[in-house]
Amino acid sequence: MIFKRFVNLLVFLFLLGAGLLTFFLILSGGRESGTLKNFYWLQADTNGFNSAPSTTRWYNYNWCGYEDGQLANCSSRAPAKPFSPRDNFGNSVNLPSSFRNNRDTYYYLSRVGWAMLLISLFFIVLALVPGFLATFLPFKAVPVLYCVLSWLAFFFIILAACLYTGCYVKARKTFRNSGRSARLGPKNFAFIWTSVFLMLVNAIWSTIFSATHKAHSTYSDHDMYAQYESPSVDTGAQMEKSTYNSGATDGAGPITAAPVVGQPQPTTTTTPAGNGKFFQKLKTRKQVPSAELEPAGDGGLAGPVTVRD
């Protein structure tokens with residue numbers, strides 16, 4: 001039991017870590033300075049795309065030109081800013097054909113990936129409460145809820161990772177095929193795939209914890225039920241016997257037990273009050289000593305022998 005609690009607390013830290021990494025991913029592009037400027041999805045050479053900067057970085061909320069380690073000429077911020085060079089800079093003869101012909105592919109992959117990222121963070125936050133309580137509370141519903149929320153969070157985080165990876169890896173390949181430099185943002189992709197790994201471990205352990213917790217609770221219930229079936233409890237016949245043989249009185253005489261169906265009842269005879277003839281006969285009857293009995297011819301006792309003075 002101690003080992004299970006230790007592992008559950010350790011995996012709970014994994015859940016916290018996944019939530020923290022996902023939160024940083026959502027903040028990508030929230031500011032144009034500081035640490036957040038290094039959390040980008042793709043950096044590529046966009047020179048010649050109409051009025052686009054020579055080097056562009058794409059974030060969650062906008063895209064910015066990158067020169068001499070600083071961001072400049074950023075676009076307006078908007079949630080789930082789509083990755084689509086055709087929409088970002090307009091159509092151009094220098095724009096690779098894949099961005100013109102497959103515009104919807106890049107557009108919806110980036111936007112749906114953002115939505116899946118938000119949903120995964122929502123389920124991660126929900127899983128924190130039962131994940132912590134499952135270590136200390138014996139209720140069966142808590143580990144089951146923890147397991148369900150963990151698998152939902154894992155499903156949406158891996159879906160977001162696949163959508164983002166598919167979108168920007170395809171874009172990097174398109175840029176490089178056109179003779180332009182392009183690279184993925186190392187921090188963003190490291191964070192999102194690390195979150196996938198942490199949530200996978202969390203989901204697997206929550207399933208094991210829920211299954212073992214349920215089996216232990218079932219065994220305890222069986223033991224509790226067995227106590228009620230213990231032979232130490234008096235049976236109905238024993239209770240009837242003890243009640244019948246009881247000598248307790250209520251002040252007016254002995255308590256008579258209720259008759260039991262199917263059991264022969266003892267019969268008693270009573271002598272009417274004031275009738276003393278029975279006791280008078282007992283007084284006049286004389287018991288004859290055994291020494292005064294005369295032996296019979298057949299070895300028995302013939303009867304009393306009269307002794308005369």
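Keep in mind that glycine also has a Cβ here, set from the backbone N, Cα and C atoms.
The compositional bias 'Low complexity' annotation in Swiss-Prot covers 258-274.
Taken from Swiss-Prot, the feature phosphoserine covers Ser230 (among others), and the record attributes it to a large-scale study or a structure entry.
Sequence annotations record features per position, and here Swiss-Prot assigns phosphoserine to Ser232 (among others) based on a large-scale study or a structure entry.
The annotation phosphothreonine is assigned in Swiss-Prot to Thr235.
Under the heading region 'Disordered', Swiss-Prot lists 253-309.
Per Swiss-Prot, the feature topological domain 'Cytoplasmic' maps to 1-5 (among others); the stated evidence is sequence analysis. Taking Cβ pairs closer than 8 Å, the topological domain 'Cytoplasmic' (1-5) reaches residues 135, 209, 212 in its own chain, all 6 or more past its ends.
The feature topological domain 'Cytoplasmic' is assigned by Swiss-Prot to 210-309 (among others).
Annotation comment: Swiss-Prot describes 6-26 (among others) as transmembrane segment.
Outside the transmembrane segment (117-137) by six or more residues, the chain places 5, 8-9, 11-12, 15-16, 18-19, 22-23, 25-26, 143, 145-146, 149-150, 152-153, 156-157, 159-160, 164, 192, 195, 199, 202, 206, 209, 213 with a CB less than 8 A from a CB of the stretch. Taken from Swiss-Prot, the feature transmembrane segment covers 117-137 (among others), and the record attributes it to sequence analysis.
Sequence-distant contacts of the transmembrane segment (141-161) (same chain, at least 6 residues past either end, Cβ-Cβ under 8 Å): 15, 18, 22, 113-114, 116-117, 119-120, 123-124, 126-127, 130-131, 133-134, 192-193, 195-196, 199-200, 202-203, 206-207, 209-210, 213-214. The feature transmembrane segment is assigned by Swiss-Prot to 141-161 (among others), with sequence analysis given as support.
The transmembrane segment annotation in Swiss-Prot covers 189-209 (among others).
Computed over the topological domain 'Cytoplasmic' (210-309), the whole-number mean pLDDT of the model equals 51.
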